[in-house]
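J.: Provided herewith is a single structure, encoded as structure tokens, for subsequent inquiry.
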Amino acid sequence: METVNKKELIVSKIKNGTVIDHIPAGRALAVLRILKIAEGYRIALVMNVESKKMGKKDIVKIENKEVDEKEANLITLIAPTATINIIRDYEVVEKKKLKIPDIVKGLLKCTNLMCITNNDVEAIPGFKKISEKPLKMKCVYCDTVIDENEILKQILGSKS
């Protein structure tokens, strides 16, 4: 947890929920959009705090919500350096270091209108990672490449 000095926490600990740490600076609000947080959740956002590894980072704490696998996969695409910590009774019971998978299925859409995934309801879109920095993924059906900007646009603009 980030500290103001060695004894004072910026944000208090949570009893149960999720802490998403090591989010690239400026991406915390995008993470919240992915999680579709409704009224009633207590949330703490810490943005642009110092990080030895990253220079600056964001942190998101959400009480009484555990991030599921689909949400974690979407977060990975916009915050590949993030770590998801599941908290129960003030203790970290699970820690997941996110990593962009080699293949992503069903989370992104191909931008090629002629791709079979845009014309056949049974064809599930799939993308193969071709680079991480910058993030680029290639459609496994038609070889169309989408970049990080397109991925962000799809994830943050999605209504699913």
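Easy rule for this one: first residue shown is 1, then count along the chain.
Quick reminder: no glycine exception, Cβ is built from N, Cα and C everywhere.
Pasting the relevant annotations from Swiss-Prot:
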- C110, C115, C139, C142: Zn(2+) binding site (BINDING)
J.: Hey, for the Zn(2+) site built from C110, C115, C139, C142, who else sits with CB inside 8 A of the CB center?
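T.: Leaving out the recorded residues gives T111, N112, M114, I116, T117, N118, P125, V140, Y141, D143, T144.
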J.: Run through the Cβ atoms and count how many others sit within 10 Å of the one on C110 (Zn(2+) binding site).
T.: 23
J.: Please give me the CB contact count at 10 A for C115 (Zn(2+) binding site), counting all chains in the structure.
T.: 18
J.: Hey, what's the Cβ neighbour count for C142 (Zn(2+) binding site) at 10 Å?
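T.: Around the Cβ of C142 (Zn(2+) binding site), 14 other Cβ atoms lie within 10 Å.
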J.: Far apart in sequence but close in space: which same-chain residues, 6 or more away, have a Cβ under 8 Å from C139 (Zn(2+) binding site)?
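T.: Those within reach of C139 (Zn(2+) binding site), by Cβ under 8 Å and sequence separation of 6 or more, are C110, N112, C115, T117, P125, G126, F127, V145, I146.
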J.: According to DSSP, does C139 (Zn(2+) binding site) sit in a helix, a strand, or coil?
T.: strand
J.: Using DSSP reduced to three states, classify C110 (Zn(2+) binding site) as helix, strand or coil.
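T.: In three-state terms, C110 (Zn(2+) binding site) counts as coil.
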